């Protein structure tokens, strides 16, 4: 069974879905009390609503199919109200629909849809000569308001939690980068001190030892001292070379810390051995590029993996970012990608957007290294 399908199945067990299933079962139990000649049609309407309600978990939020499923829920709920107006239970399905809308739509659109549905319910009840049509509509409007506001509050709390997690990850990644840059700067300082001070004095010592080579009786010891000083000078030069030939900043650890708040999207990082980033400002730019790609993938794509390949091409750093989602419509830059392009161009780099071989978004970034 594919991983994404298993994740969707686990999503069906969310509290809102379980509450919806229990509510639907309660409504379905009352279907038997209506006119027997329309029992089959009532069950058909109820099953269509259930299918559309749970089907939303299997389609992207911004797809046309999701809108179709919402229309199916509204039509089947209103159809059930028409077929069993006397029971007064079917309008509960509209409460479920409004709660579902509140999980993904702005509140103003939820209010517009809810008003339209309740007006339709009122007209249906009046057409069925219901004695308390207005009272029933007002009661269910109250239920819908309570459900919608509760879901919206929960949604805002989750969004705030996610923002806080991203900010925390950003701080951790930046702190890791700064600590690594500080260690790298200290390493270079020690290397310069060894080269400029110790190396210079050892060279002067060898010159003075050689000037004494003609003294009788000490030539053997002078030769040994000269050999030891030469070996020590070579050791110092080796240490200086090792300190200066470091692997650069540990950008991989910072990137993984940055990806931690995105549990639905896995960062698949591949760095060529030749990639060594020693400039903290370049490392900061790389962090922001990958961060925006992660955010863009989480918000606008159903992708589960963001692959990042980093390599060197003629003294330029090439970053290829590609997700495994499916792009719908034409390629266009939003505010996030526009900001990314501006950041890249400030460093005399370039950014190109293409559609990947599997239909996902691919970004190619070139930066002077």
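Each residue, glycine too, has its Cβ placed from N, Cα and C.
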Annotated range (TrEMBL: transmembrane segment) out of 12-33, 166-187: 12-33
Range annotated as transmembrane segment - as stated in TrEMBL, picked from 67-100, 203-236: 67-100
Given 12-33, 67-100, 106-125, 137-154, the one sharing the most C-beta pairs under 8 Å with the transmembrane segment (39-55) is 67-100
For the transmembrane segment (137-154), sequence-distant contacts whose Cβ falls under 8 Å of one of its Cβ atoms, 6 or more beyond its ends: 16, 91-92, 94-96, 98-99, 101-103, 107, 110, 114, 118, 121-122, 125
